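K.L.:
The structure's right below; bear with me while I get my questions together.
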């Protein structure tokens, strides 16, 4: 099966034309990078918006050149996204994650990313099932409605993360970043579980069976990623590739991560979860077993691969928005189409509000006595809610998987859902993305965000020695007072502290080189 199809007037594929098309597409990608750099300091625009706008402009030019026949240089099916573009994005997310913050807020992140997806998808699916027929839009099956719930529950937090800073707002950044990754993984797992439903026999037991399938996929995918990360770390420690070639170290990490992803897909598991936890484990253990040059190279190389893949996807979405064939196929009036778009956007907003605010209150209640976990303020909750309103690559890929065959739509009802997904992604990314920077700067002024740094600084005092012969007696007394105060205010035996002890005693001696300088999880 061809990964890409060249789109020309006759519909025939040509090897030479394919090379020309890929060359033009790469040139447009380079143009995106240059424009994004020039607009780096812009108050309203970010990389995602830049790529979509460039894609729209490029699609318009191609549409004019082809005399209205096509807006694409290349057309790829959804498998290309899942096999080639998504793995580097998710692996980099796991590899670059600030593990200490991620695992300190692990329960909150998992509640947002797992429970939140179930709540959001239920609201979107049931709301669509109730409202779409009233808009004279019929023809969708129960599986389609459940799929729609999963499709529009997959968030894209890139726009918000480009504005937030890990050092200034560590808690908020950790929650938005963690929920974004877990949310996408959960949405894909839920989507795959929905595909196994027998529509003719759908009942309460079927819904429960979907939940059981989800738990199985989630747990087994996570375990596979952990095993892949540990095996990679053990090999790098035992064989010490770096004494001969740093290239082999980096190549082994890349190939093992990709192998874990493909094994998960081969065994009908969630490749997203597998490669994400593989990245976390490699960052926590394997990173210590490679040379200094490999440590620096992996950080930048993995991030560059992820960046190119994300830019590619948003650029393609911009071009795909002008696909005349899909718009002609939908056969719905402007008012009906507008009603469908608005319905989905409203249900998305309601679905997020239904879990962000209640779960934030629950998280604050559970952590009310833990001084290490600052409360999730109402302003933080608004930012978390807003960050999840944007939809992106995962929604597009799932919609293509549900409603197209190799990127081509033949059913008018399915064409409506594809165009709806494209419109929602464009509107949410452009409109909500444009407003993200002003909103966050208004809600979280720089002076307020500095409190995160001050708090981290005060917490970091616990790593200092209680007494130091290099400092005065007054300084030592103040430090002892602060240490005693923290000891009395915070419980010592927490889940994190138990993990630290287990990790230091059993895991690191086996999977890590002796010299460890990175802060533990």
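Cβ coordinates come from backbone N, Cα and C, glycine included.
Keep in mind the model is a prediction, meaning the values are calculated, not measured.
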K.L.:
If you look at how TrEMBL annotates this chain, which of 244-267, 412-435 comes out as transmembrane segment?
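P.N.:
Per TrEMBL, the stretch marked transmembrane segment is 412-435.
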K.L.:
Quick one: find which recorded stretch in 20-39, 171-194, 214-235, 300-319, 382-400 has the most Cβ pairs under 8 Å with the transmembrane segment (51-68).
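P.N.:
Most contacts with the transmembrane segment (51-68): 300-319.
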K.L.:
Do the transmembrane segment (300-319) and the transmembrane segment (109-132) share at least 3 Cβ pairs closer than 8 Å, excluding pairs fewer than 6 residues apart in sequence?
P.N.:
no
K.L.:
How about long-range neighbours of the transmembrane segment (412-435): same chain, 6 or more residues beyond its ends, C-beta under 8 Å?
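P.N.:
Apart from its flanks, the transmembrane segment (412-435) reaches 44-46, 48-49, 52-53, 137-140, 144, 148, 151-152, 156, 159, 314, 317-318, 320-321, 326-327, 329-332, 337, 340-341, 344-345, 348, 386, 389-392, 395-396, 399-400, 402-404.
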K.L.:
For the transmembrane segment (109-132), I need the partner stretch with the highest count of C-beta pairs below 8 angstroms, choosing only from 270-288, 339-362, 382-400.
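P.N.:
Going through each listed stretch, the top one turns out to be 339-362.
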K.L.:
For the transmembrane segment (270-288), what are the same-chain contacts with Cβ under 8 Å, counting residues 6+ beyond its ends?
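P.N.:
Long-range Cβ neighbours of the transmembrane segment (270-288): 82, 86-87, 90-97, 99, 102, 181, 184-185, 188-189, 192, 217-218, 221-222, 224-226, 228-230, 232-233, 236, 253, 256-258, 260-264, 295, 298, 507-508, 511-513, 515-516, 518, 521.
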K.L.:
Excluding the flanking five residues on each side, which residues at least 6 beyond the ends of the transmembrane segment (80-97) place their CB within less than 8 Å of a CB in that stretch?
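P.N.:
Apart from its flanks, the transmembrane segment (80-97) reaches 3-4, 177-178, 181, 184-185, 257-258, 261-262, 265, 271-272, 275-280, 282-283, 298-299, 302-303, 305-306, 309-310, 312-313, 393-394, 396-397, 400-401.
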